[in-house]
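Feature annotation from TrEMBL assigns domain 'Aminoacyl-transfer RNA synthetases class-II family profile' to 31-342. Taken from TrEMBL, the feature L-histidine binding site covers Glu81, Gly82, Thr83, Arg112, Gln126, Glu130, Arg255, Tyr259, Tyr260.
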Amino acid sequence: MTFQAPKGTFDWMPPRSEWALAVREGLSAPLRRAGYGYIETPTFEDTALFSRGVGESTDIVSKEMYTFESRGGQSLTLRPEGTAGVMRAVLEHGLQGGPLPVKLWYSGSYFRYERAQAGRYRHFSQVGAEAVGAEDPALDAELIVLAADGYAALGLRGVRLLINSLGCKECRPAYRAALQEFLRGLDLDEPTRRRVEINPLRVLDDKRPEVRAQLTGAPLVTDHLCGACKAYHEEVRGLLSAAGVAYADDPRLVRGLDYYTRTTFEFLHDGLGAQSAVGGGGRYDGLSEMIGGPALPSVGWALGVDRTVLAMEAEGLLGERPRHLDVFAVPLGEEARRRIFPLVSELRRAGLAVDMAFGGRGVKGAMKAADRSGARYAMILGDRDIEAGAVQVKDLTTADQTAVPLAEVVDVLKGKVS
Ligand code: ATP
Ligand code: MG
């Protein structure tokens, strides 16, 4: 019997897996330079954390969670997103009592029971950032700029940024009511009519053409913002422009999670096929209170690692990543293996990238492996070399070969490579 990865999941295999690492590194580097500390939270949490923190009316909670009962009878859920767990950890460790904002970044696996397709998986990974405990348009702008810088550092040119404001608890209720009144007059199916009553903003996010066509005249949140929200949003926009980050206003941009307020944004890429979002986020001033904490205005984002690699592929950026190997060791025989093994270890400790031929192949097979390895030098040891107390060092680009005394080969190779 053989096995396959479960539906909606896949393996990152070399050499392509190098790009997953490069994306995690590229998207997190700007955060680390901006004072964000690294946080790692559990892959599963109390189910109630997500049902309260993400919201019962969202697709995530109502349809997409991997929920199970532990042996101890507790309901646990594989995390579908990162923000709720990070906020839980901030509150549990009392970080809200220290200097604010608390700035954190993370990277890991997330799980959603979705209809699997290209770019939409049941297990995917994100790099995320959260800035907890401050209401300051510069913080919203900082996070957006850092994400844009991350994409740019990866070489991506086709990432577009959409921004919007969803208002606050002062102005959102009136907008919500106006939207509801509009939506009640449309021809919608039963589940969508229910959604109109529970979470009308999310209807704006409906992707079906027959629904979209009816939304043309829907009232826009931007026409209903209170003075404070308007001023805040203007400030964010001004800071983005000042930092040289291009954006487009999208008054229909809402996000799937219930806890967003004010600033929301999404990064899109048009080379992904069925979907276009590579990342998104926004301000979530209400989340802390929803999960039992004090008022803690916060802002954050999550960028999809898998889709970012797909976007890079669409832009032709996934060239071959050269395997960085300095030396490939070729022992010919058992005694040679015994002698060359400590040299390999010593070279690695000296900081060189070194691999060796395994499995006792003959000269021909081993030299083929050396060529294929992409190494700059081969270090070949046969019985005759051992007798002579030397090892052959072959430059694999020029094919020049010289005998080097065994006692000196580590220093010689260190000198050549540095
Ligand atoms: P979508 O509208 O595509 O369903 P979303 O709004 O559910 O996205 P978020 O919860 O904002 O996505 O997650 C942030 C990012 O994580 C997305 O922009 C995307 O790049 C990535 N992402 C989300 N769900 C998946 C998934 N099922 N497979 C791969 N990547 C995903
Ligand atoms: Mg989704």
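Just so you know, glycine gets a Cβ as well, placed from its N, Cα and C.
Positions of the features from TrEMBL, shown on the structure.
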residue	record	CB count, 10 Å
Glu81	L-histidine binding site	21
Thr83	L-histidine binding site	24
Gln126	L-histidine binding site	22
Arg255	L-histidine binding site	21
Tyr260	L-histidine binding site	24
On the three-state reduction of DSSP, what should I expect for Gln126 (L-histidine binding site)?
strand
Cβ under 6 Å from ligand 1: which of the binding-site residues Thr83, Gln126, Tyr260 qualify?
Gln126
Please report the three-state DSSP label of Arg255 (L-histidine binding site).
coil
For Glu81 (L-histidine binding site), which of the three DSSP-derived states applies: helix, strand, or coil?
coil
